[in-house]
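Per TrEMBL, these features apply:
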{"type": "TRANSMEM", "residues": "12-30", "note": "transmembrane segment"}
{"type": "DOMAIN", "residues": "110-319", "note": "domain 'ABC transmembrane type-1'"}
{"type": "TRANSMEM", "residues": "112-137", "note": "transmembrane segment"}
{"type": "TRANSMEM", "residues": "149-177", "note": "transmembrane segment"}
{"type": "TRANSMEM", "residues": "192-209", "note": "transmembrane segment"}
{"type": "TRANSMEM", "residues": "254-276", "note": "transmembrane segment"}
{"type": "TRANSMEM", "residues": "296-322", "note": "transmembrane segment"}
């Protein structure tokens, strides 16, 4: 286990460093004057030159990248025009647009995206696994065929289409729900839940289709194994066979996939956040790309990459715990 964790840690560091190198390379070959964008369209050449010096954009690329790595390890000092602002480690830099420390910006957005991801995760696991089990339980009947077509439709439908349909039906036509508006949990837990209900359902309907198909295929594969036939030969009922043995065979792949999806969703909920106006990581990342705010882009990608790498390691460990035949090496 120790060797596995050390190898995972080394791989994570390599992946995250590679991401930063790629982002810096893309940033400096992309068109546009960063200092002009950060200063504004009405700035004079002298003001643009001042911004260039303040942001140290005239330094060589390798020097700027070295300062970035130094900030992560030991922190950095930034000139604000009126003084010096210290950014404690791990420092991901300061936004070109707002002069806000990137780490502080991420920490304010992370609970928002976390609320969206955790709620949707619970919904899609319950809905997806439940649909898969029901499909196996009713196999050979019209219920199975109906659920199969619904899961295929859910897999093929973009999240923004489902989100728009939910808003039109439940907010505009039936008026059963208020328009989705994010409210922090600490301010009003009830409004927080109502505001995230439709985003949760939108993501859950998309993701649950994948889990329903995975659960169904894994359970059908388990039902065809010899030991299940032996249980049936000894008179074990179909409900016990499906609930105790077939479902157990589907646990390992569902756990592995859910851990991966949970991690990647921290950066993959961009469309949902944009559609419902949720001020999370994805929406902030899109804005940072539009205004060429390199520190924010790098910081957001690093955080998202961290969650994905962490989710991969957790998925492997959970898979090994769920299936004793798997050995971590």
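Using N, Cα and C of the backbone, Cβ positions are placed for all residues, glycine too.
Counted over residue pairs separated by six or more positions, the transmembrane segment (192-209) shares fewer than 3 Cβ pairs under 8 angstroms with the transmembrane segment (12-30), which leaves the two as not touching. Residues of the same chain lying 6 or more positions beyond the ends of the transmembrane segment (12-30) and with a Cβ under 8 Å from any Cβ of it are 61, 64-65, 68, 292, 294, 297-298, 301-302, 305-306, 309-310, 313.
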